[in-house]
Amino acid sequence: MWWDERVSARFRRNLQPTLTYWSVFFSFGLCIAFLGPTLLDLRCQTQSSLSQITWVFFSQQFCLLLGSCLGGVFKRTLAQSLFALFASSLAISLVFAIIPLCHNVVVLAVVMAVAGLAMGCIDTISNMQLVKIYQKDSAIFLQALHFFVGFGALLSPLIADPFLSDTNCILSNSTANASSNLPHIRKSLVPHHPGNLSHYDLPMKGMVVTRVSYAFWIMALINLPVPIAVFFLLYKERMVPCFKSSSHPLLSADELAMETRPAEKDDLSTAVQRPPAAGGHDDLFSCCQSKNYRGASYTYFAVHITGALVLFMTDGIVGEYSGFIYSYAVEEPLSVVHKVAGYLPSLFWGFITLGRLISIPVSYRMKPATMVFINVVGVLITFLLLLIFSYSVVFLFVGTASLGLFLSSTFPSMLAYTEDILQYKGCATTVLVTGAGIGEMVLQLLVGSIIHDQGSYSFLVCGMIFGGLAFTFYAFLLFFHRMYPKPSSDMDDASPDKPAVMDDTGQYQR
């Protein structure tokens, strides 16, 4: 194996939970990318206008953000976390099965809101659990986790494509004229952004002819093994209600340290052991309680904030670029034909998935801090070159692929790096996941309004600015990392005169 025996042994010991968390993230990816390509067929199914149906995007994205904030609520015991993952993954299968039965746009929006909550919980809990299991070795497993998001995001549009309507799926007198707009509109909705559709007029009344229901039922069946896998993990850990054993608490810092420290030092660490439910990785609301910050240095807050701001920018770039690259390409000066421009979002997501696959072995050899540095610098240089060669269609494709590669491993690398700085006891996972979700939602709306007012060229200018801000915030993170209190050495831990214990806020008390 291309990793050392210690990591390999740790992976074998945690094989079932690791594979389960990876599979749950596949559900996340499957659910995040299907809405864009199928939205026009869902508009027909609900017989709603384009402006009405695009509210479904907002309900999913907003509740995804809310679910990310609430995910940490289920962190106190392993049973709570696994039951939350079981309910969330099962909810996604049920959502896929129920969507074909939603003939009202409000009902569809509510169903997608439920899917968003489930996705948010999956996002926070799966990242959190892998960090808790592997700690300093978590980077490689986080890279694999996020590969499964990309794999799911690639698979769901492929499943949906054979069942999408080639012409307008509401038959009326105006169908012939409206159908000519369909390719342009459909590509504008890939992968999950509604764009500006107010100038399109499609019929709302008539006979509905769509086969998209079959795509959703296929995705429901494909996703069904995921909640079954979570249930088997619950069964193995004797957490199914029919077993009367108590739920297992999540590993404390001292229990995790037992895997890497010599045995003679384990007895010493138990003298300062905290209750299993204490420690970091709270939900966002618990993280905001003032009692958690007593005695915390300003660098503790600064590491959380700068890490979240880096992901606010980089995940925001993913959202705005995938949402508007098609619209940018078909406008002047490039004027790419619609069919060719439609490959750009797919190329972008394809290279994000490829980059996450490549990052799995690379992350074992390279430190997370180095990977994030390469990513943010690569994003900045790519946008600079896209601006310089803004009249080149060929370079637009090359730059799109390059941008996907550089953005692919930013989130897992940043999560591993920030948690390592905080010694896995801050609120980094919850804060970073929330910051990334807010960035993806806010920057899409911001860039959409700027493009509408200033023209398509501002799309690349915005990307350049966001890339520059991501690099700036990362530089601040490096600065605060150097100033953050270092953990005491093992000898200091062994000394009764100078104990160093990490409290619930992530800083050290002496």
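Each residue's number is its place along the chain shown, starting with 1.
Heads up, the Cβ atoms here are built off N, Cα and C, so glycines get one too.
Any TrEMBL annotation is an automated prediction that lacks curation.
Keep in mind the model is a prediction, meaning the values are calculated, not measured.
What TrEMBL records for 21-40 (among others) is transmembrane segment.
Summarising the annotation, TrEMBL assigns transmembrane segment to 52-74 (among others).
Feature annotation from TrEMBL assigns transmembrane segment to 81-99 (among others).
Positions annotated as transmembrane segment by TrEMBL: 105-126 (among others).
TrEMBL lists 138-159 (among others) with the feature transmembrane segment.
As annotated by TrEMBL, transmembrane segment applies to 214-235 (among others). Packing against the transmembrane segment (214-235) from elsewhere in the chain are residues 16-17, 19-20, 23-24, 26-27, 30, 34, 38, 79, 82-83, 85-86, 89-90, 92-94, 96-97, 99-100, 155-156, 159-160, 162-164: each is 6 or more residues past its ends and has a CB under 8 Å from a CB in it.
Long-range contacts of the transmembrane segment (300-328) within its own chain (CB-CB distance under 8 A, at least 6 residues past either end) are made by residues 187-188, 190-193, 195-196, 293, 334, 341-342, 344-345, 348-349, 352, 372, 375-376, 379, 400, 403, 407, 410-411, 414, 417-418, 421-422, 426-428, 431-432, 434-444, 446-448, 451, 456, 459-460, 462-463, 466-467, 469-470, 473-474, 476-477, 480-481, 484, 505-507. Marked as transmembrane segment by TrEMBL: 300-328 (among others).
Residues or ranges marked as transmembrane segment in TrEMBL: 340-358 (among others).
The annotation transmembrane segment is assigned in TrEMBL to 370-389 (among others).
The feature transmembrane segment is assigned by TrEMBL to 395-417 (among others).
Residues annotated as transmembrane segment in TrEMBL: 429-451 (among others).
Look at TrEMBL and you will find 457-480 (among others) tagged as transmembrane segment.
For 488-510, the entry in TrEMBL reads region 'Disordered'.
Three or more CB pairs closer than 8 A are found between the transmembrane segment (395-417) and the transmembrane segment (340-358), so contact between the two stretches is assigned (pairs 6 or more residues apart). No contact links the transmembrane segment (81-99) to the transmembrane segment (138-159), because fewer than 3 Cβ pairs that are 6 or more residues apart lie under 8 A. Residues 21, 24-25, 27-28, 31-32, 35, 42, 46, 48, 52-53, 55-56, 59-72, 74-75, 81, 84-85, 87-89, 91-92, 95, 98-99, 145, 429-430, 433, 437 of the same chain lie 6 or more positions beyond the ends of the transmembrane segment (105-126) yet place their CB under 8 Å from a CB of it. Contact counts against the transmembrane segment (21-40), taken as Cβ pairs under 8 Å, peak for 138-159 among the stretches 52-74, 138-159, 429-451, 457-480.
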